[in-house]
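Undergrad: Quick one: structure below, then a few questions.
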Amino acid sequence: LQESESENKLDGETASDSESKSEFGGSPPVPTSDDTPEVLNRALSNLSSRWKNWWVRGILTLAMITFFFIIIYLGPMVLMTIVMCVQIKCFHEIITIGYNVYHSYDLPWFRTLSWYFLLCVNYFFYGETVTDYFFTLVQREEPLRILSKYHRFISFALYLTGFCMFVLSLVKKHYRLQFYMFGWTHVTLLIVVTQSHLIIHNLFEGMIWFIVPISCVICNDIMAYMFGFFFGRTPLIKLSPKKTWEGFIGGFFATVLFGLLLSYVMSGYRCFTCPVEFNNDTNSFTVDCEPSELFQLQEYNIPLVLQSVVGWKTVRMYPFQIHSIALSTFASLIGPFGGFFASGFKRAFKIKDFANTIPGHGGIMDRFDCQYLMATFVNVYIASFIRGPNPSKLIQQFLTLRPDQQLHIFNTLKAHLVDKGVLGGLEDA
């Protein structure tokens, strides 16, 4: 009885929750079944459930890592397509949980409106991205130029249409339930669509900003599981009873080391370090450039405290490796809280996984709960410490202005350079 009471307290269930249950028609029944392929079931039939789960997770993890390498090899366009597909699948998994509750009253339009809002939000975000990164192409095509000019108005009009449809769908005696689900949809859009949009923005800064953070989260997930499986004794957090301090700490050190090694290897290749740009002549993406200072080997002095330990006074490394320490630290210390958040969400609705898409792992959202939090951090990190003004984009926008506007900017810039002595020095030379 005490265990039962503590379980209810852990789920945060109160009297008001019980009332909500009656309105929602009870917690959504999400059956859990053994989705392990029959081949693996037969091959691992002699093992205990603990070791069987270990092998199933391990084999499927290797398969997913192999797939990850393949899509990286196929290039940025395929990566962006995969991100979009993952976004849609994650949205589907979360919204389905809400639909299992909402459908009990057979109220109209919830699923239709959810997917409509997904379309609206994607149109807004990706329309902004197209205008930002493919500016020359947009200005060259008349229909695209019109859509770009009125993009935000069109986006607002589309959202407003969905908003009116929701109001018209309200059913007497079930208003609160419908507004619950309206909020459910919008929070899901915030969590899934916004973060996937930031992932694509990170990709445009260079594939290394996409691959290293994602790989660090994957490494931390694997190594925390391995350390916890073999050495775990001390529970970490009640939301995830299987998580241990041994796994958390072991995953941290392993991830930082992995991030340093991976960033060292990738920093030597232009295809990973160069920003992803659109070539208007070939109508294709290019990743060729002169590497920035971040990806050029430099010599650093080792702190005196460590010199006696390692026996070196200096070390040659890429500046990006220093940034990778920040990325891997976030992935291993803060990133797991995305998983804890997802665990709390699942416990609130008494489900084991978001779906059963991947045997031994659950749904796609179960694998990407930490990735979305990581994507936001990387985007903020780049904007705060890495990205500077982009001269090429300023020139592109300058060329679209009227001649009198261009002349005004030219005279203003000329006067500014003369005052600073830069233009006079150039003329003397």
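Every residue number used here counts from 1 along the chain in the order it is shown.
The backbone N, Cα and C atoms fix where each Cβ goes, glycine too.
Remember, TrEMBL labels are computer predictions, not curated facts.
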Undergrad: Transmembrane segment per TrEMBL sits at which of 67-89, 320-342, 366-388?
TA: 320-342
Undergrad: Counting Cβ pairs under 8 Å to the transmembrane segment (206-232), which of 109-126, 178-200, 320-342 comes out on top?
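TA: Stretch with maximum Cβ contacts: 320-342.
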Undergrad: For the transmembrane segment (320-342), find every same-chain residue at least 6 residues outside the stretch whose CB is under 8 Å from a CB in it, and list them.
TA: 208, 212-213, 216-217, 219-221, 224, 237, 239-240, 243, 248, 251-252, 255-256, 258-260, 262-264, 267, 273, 294-295, 354, 365-366, 369-374, 377-378, 381, 385-386
Undergrad: Could you give the residue numbers and ranges of same-chain residues that sit at least 6 residues beyond the transmembrane segment (178-200) on either side and whose C-beta is under 8 angstroms from one of its C-beta atoms?
TA: 24, 80, 83-84, 86-87, 90-91, 94-95, 98, 101-102, 107, 110, 113-114, 117-118, 121-122, 125-126, 129, 166, 169-171, 210, 371-373, 375-376, 378-379
